[in-house]
Amino acid sequence: MAMGEFDLIKRYFQQQILVDDSVQLSIGDDCALVSVPENYQLAITTDTMVENTHFLPTISPEDLAYKAVATNLSDLAAMGAQPKWVSLALTLPNVDENWISTFSQSLLHTLKQYNVTLIGGDTTKGNLSITITAQGFVEKNKGICRHKAQIGDLIYVSSTLGDSAAGLTQILLGKSAVDSDDVFLQQRHLRPTPRIELGQALIGIAHVAIDLSDGLISDLGHILERSQCSAEVELTALPLSSSILNKYDRTQAEQFALSGGEDYELCFTIPPEYKDELELRLKKLNVPCTCIGKINEKCGDFSPRFLRDGKPVNITFSSGFDHFKESK
């Protein structure tokens, strides 16, 4: 007998791992009911992942579930929010119980890893896609937005850039992971780390923040447009991993870093006088952050300008991923 929607949910997704006092009503009713702490605001984000647009048909259900969760939590991290709850809308072409079992176990394990509770969702038949709505909370009026960059701010990025795009390139070419560099790059694509603790550490010192989902050029451009300013970025300051430099030349590595996307690192700005405070806060975290440029007065459009050793250079490759432009 074919498994129905409610049987599927009950068997695979109603295995609540966490006991969460903030959840008064969860899976099994028309809505979930949750409580937000006093003097905090609710932060909400939604992302959809569609097969052949956001992920390859060859991705494992374990990696797909992890990445679907992590990319949503990354949005909350950029706001400085504490992730708390998610709902899942899962569209499946058919009911493959082995696939669903593996996917659900990975999803619930990932949620437990980040202390997040699944509180509801929906399933339907169609081409494979995953939509997750993630919710969290941030102290009232303390959320880090995109529109408050100030002239003179220093621009920082976390960890290293371009690894995900380099890993995806290897996967698209059918390259097996034959050494530690390959493993590192491919895992950076399949298993990004949402910088939740970093986002919270930036509250009170960062003017703006964004997670790098579409590439540095594109995502920094969002900050510049919302903040009505321009920026200079020093290419020699871009943090590149030893793995990407072992596998690609510097020019290709920079291209991955600037326009590859899906690094899910944080890009943020702080006023220069908070530089020491930032370094102090970073000592408590295992996440290096690198200053790559500064915010300037608006000049021309909102695309960042690039320097190499302090001298202006032109960037000729793509600015980043855009769902609709890429489909034309």
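The backbone N, Cα and C atoms fix where each Cβ goes, and this holds for glycine too.
According to Swiss-Prot, the feature Mg(2+) 4 binding site maps to Asp30, Thr45, Asp75. Sequence annotations record features per position, and here Swiss-Prot assigns Mg(2+) 3 binding site to Asp30, Asp75, Asp211. Summarising the annotation, Swiss-Prot assigns Mg(2+) 1 binding site to Thr46, Asp47, Asp122 and lists sequence analysis as the type of evidence. Annotation source Swiss-Prot lists Mg(2+) 2 binding site at Asp47, Asp75, citing sequence analysis. The substrate binding site annotation in Swiss-Prot covers His54, Glu262, Phe321, and the record cites sequence analysis as its basis. Per Swiss-Prot, the feature ATP binding site maps to Gly121, Asp122, Arg146, Ser213; the stated evidence is sequence analysis. Annotation source Swiss-Prot lists Mg(2+) 5 binding site at Asp214.
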* **Residue with minimal Cβ packing [other Cβ atoms within 10 Å] among the binding-site residues Asp30, Asp47, Asp211, Glu262** => Asp30
* To do: Taking only the Cα atoms, work out how far His54 (substrate binding site) lies from Asp47 (Mg(2+) 1 binding site), in Å, as a whole number.
  => 11
* Tell me, by DSSP, whether Asp30 (Mg(2+) 4 binding site) is helix, strand or coil? -> coil
* To do: Between Asp30 (Mg(2+) 4 binding site) and Arg146 (ATP binding site), find the distance joining the two CA atoms and give it rounded to the nearest Å.
  => 34
* Asked: Just the number: how many Å between the Cα atoms of Asp211 (Mg(2+) 3 binding site) and Thr45 (Mg(2+) 4 binding site)?
  -> 13
* What kind of secondary structure is Asp75 (Mg(2+) 4 binding site) part of, going by DSSP in three states? -> helix
* Structure fact -> Least Cβ-packed of the binding-site residues Thr45, Thr46, Ser213 (other Cβ atoms within 10 Å) is Thr46
* Judged by the number of other CB atoms within 10 angstroms, which among Asp75, Asp122, Asp214 is the least packed of the binding-site residues? -> Asp122
* Which residues does Arg146 (ATP binding site) neighbour through Cβ under 8 Å, counting only same-chain ones at least six apart? -> Val208, Ala209, Ile210, His222, Ile223, Arg226, Ser227
* Structure fact -> Gly121 (ATP binding site) has its Cβ surrounded, within 10 angstroms, by a count of other Cβ atoms equal to 17
